[in-house]
Amino acid sequence: MDKVKKAVLAFSGGLDTSVILKWLQDTYQCEVVTFTADIGQGEEIEPARAKAVQFGIREIFIEDLREEFVRDYVFPMFRANTIYEGEYLLGTSIARPLIAKRQVEIAQQTGADAVSHGATGKGNDQVRFELGYYALQPDIRVIAPWREWDLTSREKLLTYAEKQGIPIEMKQKAGSPYSMDANLLHISYEGRALEDPAAEPEESMWRWTVSPETAPSEPEYLDLEYERGDIVALNGERLSPAAILTRLNQLGGKHGIGRLDLVENRYVGMKSRGCYETPGGTIMLRAHRAIESITLDREVAHLKDDLMPRYAALIYNGYWWSPERKLLQVLIDESQVNVNGRVRVKLYKGNVMVVGRDSRTDSLFDPDIATFEEDGGAYHQADAAGFIKLNALRMRIAKALRRC
């Protein structure tokens, strides 16, 4: 095994990464730097510092990345109306590039020659992290313990922790019926009780949203203001990106918005069942399409829709730092220059309904032309005959030749 001098570990302080930290020290005999990112997972992260100190870690990085996460990753993704396989809003996928970037930057700052993560050898996250590492520092050494060790179950992890004297809180020992991951965009649930795709999840599983059945009986209206494709104000109050998403999560959760139960195709080849809560993101997606509907040229909007599945797959599969994703982002961002205005939505029992949209500066909606009433000659209906005949020409020729 090649000698590793120092490794930067993505460290949550939970069971898995606590075991990994000790395993790295024992197996590689290397110095470990811990990096803990606050991306809105809603958990106390300072205990990770205390645990790292217990392991004798001298270089401990704990960073609040919530604003950067939403501003530089979530918002750019939503400019494309991104959905994977028609349903998934990519809450886990979009968080990995930022974590990978900071790990590499910390490695460069501290002189580390390796990085390590706690993703399993079965999932997509190992790919997402490592594609990011290699894209940002091609010669970095990657240590993926789940692909090396024989600790293949939770029970084995707990046994190892006990033997090594690794402090594990009672709630970590008790575990959860699900494997969960959270950030400001979503919370996900996988594995264990969800491995039967035919079984309905228990209501107690959902943490961010109330059931639509028990949501308030009165609707709630929201006004969202857009500048260059991004939300900048909510109900007239200008807020930071992270504050906007936090507030939308609260409002969406209150009205039972954003629950999803799906089977997705993982990049590594298997199908996986997952449940997600993305209340704020669900509102954002619906509202963004609404503001685009009056500010984007038809062909630009259709081109974006054509490119979106490819863009979504790049993010899902871990290619955020690839040249093709960056190229698509330039195109997407250029399309948003005139996406300015206001959208009004109604939240009611799991539904997000667009009830109004306007743009004082960039609307392409012309009421004089679109009206069903007298238009004063703005649109000459007789002109449509030639348009229709020319577009029908190829079909008329084919019919004459009995090809259709």
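Positions of Cβ are set from backbone N, Cα and C atoms, glycine also.
Just so it is clear, the model here is predicted, and its values are computed rather than measured.
Spatially close to ALA10 (ATP binding site) yet at least six residues away along the chain are THR17, PHE35, ALA37, ILE99, GLN103, VAL115, SER116, HIS117, GLY118, PHE129, judged by Cβ distances under 8 angstroms. If you look up Swiss-Prot, you'll see ALA10, PHE11, SER12, GLY13, GLY14, LEU15, ASP16, THR17, SER18, ALA37, GLY118 marked as ATP binding site, on the strength of sequence analysis.
There are 26 other Cβ atoms within 10 Å of the Cβ belonging to TYR276 (L-citrulline binding site). According to Swiss-Prot, the L-citrulline binding site annotation covers TYR88, SER93, ASN124, ARG128, SER179, SER188, GLU264, TYR276.
According to Swiss-Prot, the L-aspartate binding site annotation covers THR120, ASN124, ASP125. The Cβ of ASN124 (L-citrulline binding site) lies under 8 Å from the Cβ of THR92, SER93, ARG266, TYR267, VAL268, TYR316, ASN317, GLY318, each of these being in the same chain and 6 or more residues away along the sequence.
In this structure, the CA atom of ASP16 (ATP binding site) is 17 Å away from the CA atom of SER188 (L-citrulline binding site).
DSSP assigns SER18 (ATP binding site) to a helix. Of the recorded residues, THR120 (L-aspartate binding site) and TYR88 (L-citrulline binding site) place their C-alpha atoms 21 Å from one another.
Here the C-alpha separation of SER12 (ATP binding site) and TYR88 (L-citrulline binding site) works out to 25 Å. In terms of C-alpha distance, the listed binding-site residues GLY14, SER18, ASP125 place ASP125 closest to GLU264 (L-citrulline binding site). Every protein chain shown contributes to the tally, and the Cβ of ASP16 (ATP binding site) ends up with 20 other Cβ atoms within 10 Å.
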